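The block underneath contains the structure these notes are about, expressed in structure tokens.
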Amino acid sequence: MREIVHLQTGQCGNQVGTKFWEVLSDEHGIDHNGNYIGTSDDQLARINVYYNEASGNKYVPRAVLVDLEPGTMDSTRSGPLGGLFRPDNFVFGQSGAGNNWAKGHYTEGAELVDSVLDVIRKEAENCDMLQGFQITHSLGGGTGAGMGTLLISKIREEYPDRMMATFSVLPSPKVSDTVVEPYNATLSVHQLVENSDETFCIDNEALYNICFKTLKLNAPTYGDLNHLVSLVMSGVTTCLRFPGQLNSDLRKLAVNMVPFPRLHFFMVGFSPLTARGSQSYRAVTIPEITQQAFDSKNMMTACDTRLGRYLTCAAYFRGKVSMKDVEDQMQSFQQKHSTQFVEWIPNNVQTAQCDIPPRGLKMSVTFIGNSTAIQDVFKRIAEQFSAMFKRKAFLHWYTGEGMDEMEFTEAESNLQDLIAEYQQYQDASALDEDIEGEYIEEEELVQE
């Protein structure tokens, strides 16, 4: 079967990742010790995508947990899911990266990377037909960002033809953890542009907004935010894990979603999201959840989709839904909002469907969009980056670990290029004939 090996790096990556395994185990009827306690054959039909069957009918996640300090690992190990993971798959250092990208990428992380790759190799050898890798990490810190991108490039070297999907938590202006986030994020995006096949961008600010405005929570915790992320991760991977009518895998998703290789940064959304007390007052219908899924208030990336245009998008429906209704809904949405879609990619909305809804819901939809509006997020990071880099603020922390200023300049210009590319395709219309020409020239330059 088409297996996926899951990696989680750094504090954020491990917390989001652990939440993801919680949701996954619940959906597949696996208890905290890896025993199957489910009731439906569908739960086991494609369970080996994410789980390895060990002796005594135990199911073990194909997960590798990485961090440069033991703290998060210890809490995972002593938490409810501690008995689920394979003990050898916890790989951690002692020193921490101190939110320093250079430590994660060049010094501390580089020392640990070989032992992580050994574990990854073991997991990959356990697969019949490895489909690819997925990694959860944040881009603002040291381990998830620095060591995460180091792992991605090493895996890329060793498995060049396998898919690489990343769930990346971007730093956001209102929810800032450290002052050097713009540096770490710019250096990370510089790596992701080259080495990832699909990056699902998630940011804390958007998650907070959903918690406050939609879910009506007064004091959302990181647990609430991680729960939202895990809903999306579970939705994105539904088609890979359950038998369904229209199945999709990481590669099909990329083929449908990535019109140009560098533009693989997606925004994600999930619907229905309702405040706890008000669920019983509304019937969830296909038009309603489709409407909510496309609403920019529901996006887990803080940018306004109405200001950009969709190059492509995908909607994964779960539950007993009629495909005809779904197709009609998607058609009517596209016609109503035709200006939000580029006209030079016909049929740029893909739908897939799976019969099994998430726990507690009759139906749900996960939305994935490749929109030019995502440049807002990159612009925000680029502005903060250049404000600090102009004055060379905090740079000594990075040069002290052996980095060169040149690398910062390169990362900055790569980010600016990415923003310009998104803008170029946003402005392009079907009548511009030279866009294809420009693109081909760019390709040739890259290959030289």
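Every residue gets a Cβ built from N, Cα and C, even glycine.
Just one of Q11, Q43, Q131, Q191 is listed by Swiss-Prot for the same GTP site as E69, S138, G142, T143, G144, N204, N226, and that one is Q11. The Cβ neighbour count for G142 (GTP binding site), using a 10 Å radius over every protein chain in view, is 29. For the binding-site residues shown (E69, S138, T143, G144), fewest C-beta neighbours within 10 angstroms: E69. The Cβ of Q11 (GTP binding site) has 25 neighbouring Cβ atoms from other residues within 10 Å, across all protein chains displayed.
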